[in-house]
Amino acid sequence: MMNFVMMFCSMLLIIGLLPNVAFGSSHNYGEALSKSFLFYEAQRSGYLPHDQRVQWRGNSGLLDGKASGVDLVGGYYDAGDNVKFGLPMAFTVTMMSWSIIEYGKQMGESGELSNGMDAVKWGTDYLLKAHPEPNVLYGEVGDGTTDHYCWQRPEDMTTSRAAYRIDPSRPGSDLAGETAAAMAAASIVFRNSNPAYAKELLTHAYQLFEFADKYRGKYDSSITVAQKYYRSVSGYADELLWAAAWLYKASNKPYYLNYLGENGDALGGTGWSMTEFGWDVKYAGVQTLAAKFLMQGNAGKHAPVFEKYQEKAENFMCACLGKGNQNIHKSPGGLIFRQRWNNMQFVTSASFLATVYSDYLASARKSLKCSSGIVSPSELLSFAKSQVDYILGDNPRATSYMVGYGNNYPRQVHHRGSSIVSVKKDPSFVSCRGGYATWFSRKASDPNLLAGAIVGGPDAYDNFADQRDNYEQTEPATYNNAPLIGVLARLHGGQSKYSQLLPVAIPQPKPDPEQKVIPAPASSTADITIEQKETASWVHKGKTYYRYSVIVTNKSAKTLKNLKLSISQLYGSLWGLSKYGDSYVFPAWISSLPAGNNLEFVYVHSASPAVISIPSYTLV
């Protein structure tokens, strides 16, 4: 016991569970977060809603899919063009959803959660349309060749709007797998506020995963027009694991956990040590999620395999910090640099993984082991913050690479819609080549502000040319912002008392009228028992701290749902439940408790056991 106490105390000091890490910055992360969601409104295709805030945009792509006999109106344009590419769009939805799952509480506190959920739903509404049959998925509308020949705002486009699909004879496991991941992740986002929609998303995710796994192949071998723009260099093995991880997180079904455990070696999840994460290469994301499952105690018999996943996840984190065996290159100004074309996508995605992994480690009271030594979770978070601060202007050029943030930001963005006068201001038709002659070649600032867009960013030496034809540096993309919104929410929220091994608060659904709701303001009932006990104690700076374990058991013959616990006289941190208003509810990885099953949560404070009661629950 003494060794455990000493170790636990040292961990408290490492992660700052007692003292908090200070965030000193002049940056307004809340403003940057708000602007990020505006960018997604500017990227919308289809009929724009009545509450559209980006007013210079109009309806577009209203006949998408019609020639193929399917409704493909909606979704997002991926970057500065007018093509809807399915693979990066699905990845964008996955990462926006992950950002909300982890940091929705902070988004809610800053008033941006509803905008975030709207951004996700704009994407998933389209992805549902794109999946009209279990083994059919439309993966692109328009094609890059004809689109890039023209410079037209989306409201005017005369380019091809052909729709391209995958099916059993033309498979695309990477595309289907990523879309399954997007729908599974989004189902968690809407689980409480819109349970019917969440169920629909999860049903499609199940079908898409089965399609991806059964009919294996690279999507760009079937949709060849995507090869010049979004070639799947990494293949589809990473997407199969990525989809399985998200389906396990969304459904809690052992099948998907077993899939990760049984296929981790064969599909490369436990073998590849990556130094990038993005729309093509998902391994680092899979490894980070698998490490979370391990730290939550969910790996079970597959724990040895999940430890290998975690080892590779930690190699990625150490590489970001420059403390590993294979480190990521950084510019003189300290920015992660991987490639000339849209390098910022790798900066934001790496920053997100570092942020969530920092919080996972802190929640589990662990530290990061790099080849150069032990690293505290706060150091990982500081790294992520340094990358975000660079993006927002703390760099050798003092340039913000988020359009509309700060005083010095890109004015000539490589983006058709923002660079051409709004159709609302001048409805005159802009022709295919006329757009190049009149608008693309202008050396003036864009007539429309593409607020919140993260452009491609500087080169390996921190140089940047704000020119519209410099597409490598001035073109934005939806998947640049998607990971960043989570980091911005985290930094804006500061040091909240929460555990990232738990979900963030997304409102609980109201119970069905047919369900039996039982008020029970007691510590135990005939249906539920609550047992808590002290499992450890230690002295820190003259004060005694206690760790309490609480076991909640469903004693009934039915499934327990919508459990609410009231916990009073709690003066420390709690792990294993999610905060919901003044109550606590199931964590994200548990939606219900079957008959005879139990869950455990723990808390630490310097007092006697807290008082726990059960205001309400549902049996179905």
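Count begins at 1; order follows the chain as displayed.
Each residue, glycine too, has its Cβ placed from N, Cα and C.
Feature annotations, reproduced from TrEMBL:
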- 1-24: signal peptide (SIGNAL)
- His414: active site (ACT_SITE)
- Asp466: active site (ACT_SITE)
- Glu475: active site (ACT_SITE)
- 528-608: domain 'Carbohydrate binding' (DOMAIN)
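Spatially close to Glu475 (active site) yet at least six residues away along the chain are Ala79, Gly80, Asn342, Val413, His414, His415, Val455, Gly456, judged by Cβ distances under 8 angstroms.
Per-class residue totals from DSSP over the domain 'Carbohydrate binding' (528-608), listed helix then strand then coil: 0 helix, 52 strand, 29 coil.
Of all the active-site residues listed (His414, Asp466), His414 sits in the most crowded Cβ setting, with the most other Cβ atoms within 10 Å. The average pLDDT computed for the domain 'Carbohydrate binding' (528-608) is 84.
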